[in-house]
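Quick notes on the structure that follows.
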Amino acid sequence: VLVESLVVFAIVLSVHGVVWDRFSWCALALALQAFYVQFKWDRLLQAGGAVFQFRGAANSGLLPASMVIPLLGIVMKERCRAAGIVYFERFGVVVASTGMLLALFLSVLAVGITKPVPTNTCILTGMAGSVIIYTMKHSLAVSEVIEVLEVLLIFVYLSMILLYLLPRCFTPGEALLVLGGVSFVLNQLIKRSLNVVEGKGDPIDFFLLVAVVGVVLLGLFFTVLFIFMDSGTWISSMFFHMMTAVLGLGVIMPWLYRLIHRNPLLWLLHFLFQTQTRLYLLVYWTLLAASACGVVFYQNAKRSSESKKHQASTVTRKYFHFIVVATYVPGLIYDRQLLYVAAVLCLAVFIFLEYMRYFRIKPFGQTLRHLLSLFLDERDSGPLILTHIYLLLGMSLPVWLFPRSCAPKGTLSGAGALVPYSGVLAVGVGDTIASVFGSTMGEIKWPGTKKTFEGTMTAIFAQIIAVALILIFDSSVNLNSSYAWILASVSLVSLLEAYTTQIDNLLLPLYLQIMLMA
């Protein structure tokens with residue numbers, strides 16, 4: 001935990017060494033108090049004194065999670081300020097302020113339920129909160145303050161509902177990242193739905209917002225419904241499929257129509273088949289999806305009846321990382337907008353299939369349970385299987401969060417040109433190579449972890465080679481001699497991978513994106 005915290009502090013100081021403004025003091029104060037409160041959360045988890053059941057075999061992860069959203073907002077604000085885009089500069093300020101307030105709320109919650117009340121931590125949290133609130137008072141307009149408070153309110157209610165319904169699925173830090181992100185998306189969708197201006201806004205952004213909110217609402221609806229009826233019967237399954245169609249066609253489609261002012265299905269079909277390049281990419285991705293399914297069926301066929309407890313090896317699970325890299329790299333090079341939309345569709349399909357598995361919806365629910373049980377690891381300790389969804393999110397978030405409006409030529413300058421590749425580098429290349437080489441050839445272990453020195457070094461080396469290959473094949477990337485910063489960013493994120501017990505598929509791409517955008 002100490003080394004993980006040191007790496008996070010190094011990233012925070014590196015970012016603010018380049019980007020220093022009034023929010024830098026807030027970020028440093030937040031990091032310092034999160035470091036102290038993190039140990040309170042850890043003690044609560046070990047003693048079973050937390051309000052909800054969190055994922056075991058991991059620390060709270062409060063510090064690394066607390067800094068992601070604030071740092072992302074700060075670097076986004078600076079990039080858009082440099083480009084002269086005032087609207088998105090203010091949006092970055094709102095993102096940073098929201099992230100700080102959510103992290104502060106989680107810290108106050110831990111301090112409040114710790115008995116006896118930790119006096120020193122309370123004082124430190126109060127001082128950090130005072131700095132953050134004072135800065136927000138002098139940086140945000142009234143409408144922006146209301147927006148931040150709306151996200152906090154949604155986060156509180158969403159946390160109470162989902163953490164109760166989904167025990168042992170998240171650590172406190174992962175809950176902050178996932179539920180904080182969903183809360184922000186829901187607030188943005190409500191805000192944009194109430195202030196629709198025809199011709200303003202990119203349809204693919206609206207598509208992302210509606211898809212995320214739609215699948216979350218769908219899950220909440222069926223969770224409540226199946227409290228009162230058995231979800232494993234054919235009648236319940238038929239009702240599930242019928243209500244999915246009703247909610248999709250009767251709520252989600254009209255909502256999207258209101259935002260983009262055209263038929264969503266016709267727009268999507270026109271978008272997907274607009275060019276010949278897109279058609280080739282879709283055929284190629286279909287073949288890769290079929291190969292991924294083939295790996296699942298082949299590994300399950302190898303499982304004999306005598307070894308029902310057999311689990312897939314680390315190397316086997318990394319096959320999917322290689323397939324995902326092969327999926328994303330051509331999309332990033334040839335058509336990023338298509339990759340953006342395809343990733344949204346894939347996320348919706350993944351979550352829908354997880355609903356079918358979780359609720360045992362016929363005809364595929366029980367089959368999915370059997371097939372996916374082979375690939376479970378210690379992080380899937382709750383009722384949901386989320387590792388494959390986290391892998392998709394880790395690869396997609398740098399694409400979705402890339403500030404296109406602040407990049408006039410479609411790419412940022414310097415190391416920022418690699419931002420869309422953050423998921424590919426951190427998870428697809430770095431995490432995969434570290435895991436494969438560390439588990440097969442590693443001998444020197446990092447103190448206090450199962451990760452090896454050899455795995456981390458090969459991960460750094462592999463990511464540098466991957467950057468060189470990106471420079472060769474993607475003509476839009478121009479690093480402007482920022483090689484030392486890229487090496488430092490890759491090294492810090494690889495070291496974080498060695499020491500964190502959080503979901504690395506989600507955390508590492510976001511930190512690499514922050515470093516590259518700075």
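Using the three backbone atoms N, Cα and C, a Cβ is placed for every residue, glycine included.
Among the features that TrEMBL reports, transmembrane segment is placed at 7-36 (among others).
Taken from TrEMBL, the feature transmembrane segment covers 56-75 (among others). Residues 1, 4-5, 8, 11-12, 15, 19, 21, 23-24, 26-27, 30-31, 34-35, 37-38, 41-42, 45, 92-100, 102-103, 106-107, 110, 168, 171-174, 176-177, 180-181, 184, 378-379, 381, 401, 496, 500-502, 507, 510-511, 513-514, 517-518 of the same chain lie 6 or more positions beyond the ends of the transmembrane segment (56-75) yet place their CB under 8 Å from a CB of it.
Residues or ranges marked as transmembrane segment in TrEMBL: 87-111 (among others).
The transmembrane segment annotation in TrEMBL covers 148-166 (among others). Tertiary proximity for the transmembrane segment (148-166) is limited to same-chain residues at least six positions away from its ends with a CB under 8 Å from its CB atoms, namely 51-52, 54, 94, 97-98, 101-102, 105, 136, 140, 175, 179-180, 182-184, 186-187, 190, 220, 223, 382-384.
According to TrEMBL, the transmembrane segment annotation covers 206-227 (among others).
The annotation transmembrane segment is assigned in TrEMBL to 239-257 (among others).
Within its own chain, the transmembrane segment (277-298) has Cβ neighbours under 8 Å at 316, 319-320, 323, 326-327, 330-331, 334-335, 338, 342, 371-372, 374-375, counting only residues six or more beyond its boundaries. According to TrEMBL, the feature transmembrane segment maps to 277-298 (among others).
Residues or ranges marked as transmembrane segment in TrEMBL: 340-360 (among others). A Cβ distance under 8 Å defines the sequence-distant neighbours of the transmembrane segment (340-360), meaning residues of its chain 6+ beyond its ends; these are 204, 207-208, 211-212, 214-215, 218-219, 222, 226, 231-232, 236, 240, 244, 268, 271-272, 282, 285, 331, 366, 368-369, 372, 383-386, 388-389, 392-393, 395-396, 399-400.
Residues or ranges marked as transmembrane segment by TrEMBL: 381-401 (among others).
TrEMBL lists 421-441 (among others) with the feature transmembrane segment.
Look at TrEMBL and you will find 453-473 (among others) tagged as transmembrane segment.
Sequence annotations record features per position, and here TrEMBL assigns transmembrane segment to 485-512 (among others).
Contacts between the transmembrane segment (206-227) and the transmembrane segment (87-111): absent, as fewer than 3 C-beta pairs lie under 8 angstroms at sequence separation of six or more. Listed by sequence, the residues of this chain that lie at least six past the ends of the transmembrane segment (453-473) yet keep a Cβ under 8 A from its Cβ atoms are 333, 418, 421, 424-426, 429-431, 433-435, 437-439, 441-446, 479, 486-487, 490-491, 494-495, 497-498.
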